[in-house]
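Participant: Mind looking over this structure? Questions follow.
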Amino acid sequence: MRPEAQAGHLPVSQSPAVHLPVLYTQVLEGLRVIENGRYLDGTFGRGGHARGVLTQLGPEGRLLVMDKDPEAIAVAERDFAPDPRVSIFRGSFAQLLQWDATAEGLDGVLFDLGVSSPQLDVAERGFSFGKDGPLDMRMDPDSGESAAQWINRVEDREIADVLWTYGEERQSRRIARAIVARREKQPFSRTAELAELIASVMPRGKDKIHPATRSFQAIRIHINRELADLEAGLDAAVERLKPGGRLAIISFHSLEDRIVKQYMNRLAKAPPANRRLPEAEVFVPTLDLIGGAIKATDEELAANPRARSAVLRVAQKREADA
């Protein structure tokens, strides 16, 4: 009998209308789940990956799930809380060291970065330029200022810097000037207002993506401190991983993937020697890289076009005597 059934409720893997998340099979293979292991899903979302981990855990296994989105936590409480193997924490994965449940060490950690499909699909969350809603973009709507509050407050130079740094938007200065000019007449409050303004000032080109794509990405990353949280979360995850534990990170754009790749390489590979500098201490690797960048198969892309930009990287913490 499966442990979920022993717990006296419907196995989460058999719940109706479960949508498989991106790189589902590859994530489970990368984590290499052991029956009595302890695993952390730092970006629960709607629980797709968490369900997969639970199907491979035995009665003594443990799954810790985190998310800073209260709607995601509500789903976790509803669907996962009855399972005694599951513990739930509302917060960013950057805070995982503050969660006492992680102190015993972890056999695997998963971060599925960026905005989730439910966040994009619900206009009221304010993430999508394709659906008009309040200009919010906060993953935790109870924390920090909204995108509207920020964009109506700061100078054009700061807006331009954010659009360039986090969106690699070449027209960042033009867009920033237009935003400031428009808000002097009427402050921004809706996603459609911002998307339409950006589209109106962008030069026509061959780019197939919506003109506001990069700007919305940049503002969202800034509002949610996504890259700073990622760097803190990577450090915390490696600290909590047991020797032999696996770290699996899914990223969706080059800024995230660059941070993940460089971080894993820095802990896995000795830096190149520099004759001009004093001899460095002997490099002791902390991680072993497990393969390279993993992307969705053609079959998955046909079923889920949003997986086209997903990149999975996996690393394993070295044994103490390795």
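Every residue gets a Cβ built from N, Cα and C, even glycine.
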Participant: Given Swiss-Prot annotates Gly47, Gly48, His49, Phe93, Asp112, Gln119 as S-adenosyl-L-methionine-binding, which of Asp67, Asp100, Asp132 belongs to that site as well?
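Facilitator: The candidate from Asp67, Asp100, Asp132 that Swiss-Prot ties to S-adenosyl-L-methionine along with Gly47, Gly48, His49, Phe93, Asp112, Gln119 is Asp67.
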Participant: Can you check what DSSP calls Gly47 (S-adenosyl-L-methionine binding site), collapsed to helix, strand or coil?
Facilitator: coil
